[in-house]
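Remarks on the structure that follows.
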């Protein structure tokens, strides 16, 4: 039998916790991020605005030649304003270009080592959330039933691949694409191929159109995903004495009632995501953190995630300073937030989806 709840050992705690729970439910709307989430998410536009202003005011950056087609400063050692303005800098090559690998490794290291994930069901739901975010990354940057969303958006806004016709013909021959030699790049079946893969290989360059910043999208999506997964877990893991005072999130129940996601699950078996394992798990977590601090509550996986998030924030700032226009950075941010909203906010007011993906820390 699970140990007595802290609320039962203190006559006033249950009452104060209930009052706090009611205030939280009344204050926070399940359709929007919580105040804490809003503050954390605000860091992204702040970084982007700061970086953009820095690029406009810094004399070295302002005087460096900028190529609006490649969305970067001219890539030669004499003109580039900073090491981080070079596309071949090690942080870009080894981290940003492989960012989803580092995000995935650190995430699963956390899931499979942190004591809050003793439950197999929790591991599965966390994996589903990772799958949703990964699918959004694939749709936006890799493939969306053909060209990726960024490529489709570029084409819809008037973009094209400017390339010498002779090189296009060579590409057509090499890839056995139907169409006569000398055909225009807009022949049926070839336009999307060039957009998705062959433009750069054929020596072409993007011209016209709106190019969503893939770096901003990737760095925001990946780091915010990790912060969501670690933040709620560690908060509930560390401040375990009164769950109701920790969780700001509210959820919509099957009957339409709005309740705090921090409701004591052991006492309220009606909550959609309750399982008997949670009674035992709560006791285990209280004991586990009794002698440790917040740093210990992170665990090894959480500390690895901190490193990935910190480096992501730094590279996001470098992107804001040295690459893309402000509008391209803005759309990269907005597209990332769309995926985050569906994964972490929508389940709070759609019980059926919440039953599949769960909520971090619960």
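Backbone N, Cα and C atoms are what each Cβ position is placed from, and that goes for glycine too.
In TrEMBL, the feature transmembrane segment is placed on 216-235, out of the ranges 156-175, 176-195, 196-215, 216-235. Cβ atoms under 8 Å from those of the transmembrane segment (129-150) belong to residues 100, 104, 107-108, 192, 195-196, 211-212, 214, 217-218, 221-222, 225, 229, 335, 338-340, 342-344, 357-358, 360 of the same chain, restricted to positions at least 6 beyond its ends.
Non-local neighbours of the transmembrane segment (304-324) in the same chain are 43-44, 47-52, 54-55, 58, 61, 71-73, 81-82, 84-85, 91-92, 95-96, 99, 102-103, 105-107, 109-110, 211, 213, 215-216, 219-220, 222-223, 226-227, 229-230, 298, 332; each lies 6+ residues outside the stretch with a CB under 8 Å from one of its CB atoms. Across the structure, residue 215 (active site) and residue 324 (active site) are spaced 9 Å apart at their Cα atoms. All protein chains considered, the CB of residue 215 (active site) has 22 other CB atoms within 10 Å.
Over all protein chains present, the Cβ of residue 324 (active site) has 23 other Cβ atoms lying within 10 Å.
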